[in-house]
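**Student:** Here it is, the structure, as structure tokens.
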């Protein structure tokens, strides 16, 4: 998606540890016009597929999923990372390992909101090692629902999660795939051009 790639080139920052900072438009401050275009593009990528619900994980996936859901005209269900009193005790659970935190945690969805044979589309902001996507898939499997696929805004192709999950026959549509990155360069899979970061953005 060219508009998304241009935004990444112009304002994203790459920090140590393969951290891509897109908090100015995607996961802290939100660029709503851009998110609308992302929603339209995800709808186009899954055109013709029957989707009953969109599933994502809190927190960063919620805004993207909610805006995309307008174009699919379906509800959004988000997996919660904490066990709280206002979450039903009867839940589906997936396990996610966080490489940044160095620990595993559970994500949960009430059984009220995912049902057998429903067609579920997963939407999330990032795909790196694939742990979050795998945890969300576990929840879909437990619900005996049908996984339509996953719509991802940014995939770090060099971290291998997308390759592994595609090899397991999961359909993944990533709007921007980064195959190489460092503090001065980003290389997108579909153009393989060295894209020098704007020094003003750092």
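Just so you know, glycine gets a Cβ as well, placed from its N, Cα and C.
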**Student:** Kindly point out which candidate in 117, 156 is recorded by Swiss-Prot as part of the xanthine site with 20, 27.
**Tutor:** 156
**Student:** Write out, in the order they occur in the sequence, the residues of the chain not among 20, 27, 156 that have a C-beta within 8 Å of the mean position of the C-beta atoms of the recorded xanthine site.
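**Tutor:** Here the nearby residues are 12, 19, 21, 22, 26, 125, 126, 128, 154.
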**Student:** DSSP on residue 132 (5-phospho-alpha-D-ribose 1-diphosphate binding site), three-state: which is it?
**Tutor:** helix
**Student:** Rounded to the nearest angstrom, how far is the Cα of residue 156 (xanthine binding site) from the Cα of residue 129 (5-phospho-alpha-D-ribose 1-diphosphate binding site)?
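**Tutor:** Distance (Cα to Cα, whole Å): 8 Å.
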**Student:** Of the binding-site residues listed here (20, 27, 156), which is spatially closest to residue 132 (5-phospho-alpha-D-ribose 1-diphosphate binding site) when Cα positions are compared?
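**Tutor:** When the Cα distances are compared, 156 comes out closest.
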**Student:** Any idea what the Cα distance is from residue 131 (5-phospho-alpha-D-ribose 1-diphosphate binding site) over to residue 156 (xanthine binding site), rounded to a whole Å?
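**Tutor:** Distance between the two Cα atoms comes out at 13 Å.
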**Student:** Based on Cα coordinates, which of the following binding-site residues are within 10 Å of residue 128 (5-phospho-alpha-D-ribose 1-diphosphate binding site): 20, 27, 156?
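**Tutor:** Neighbours among binding-site residues, in sequence order: 156.
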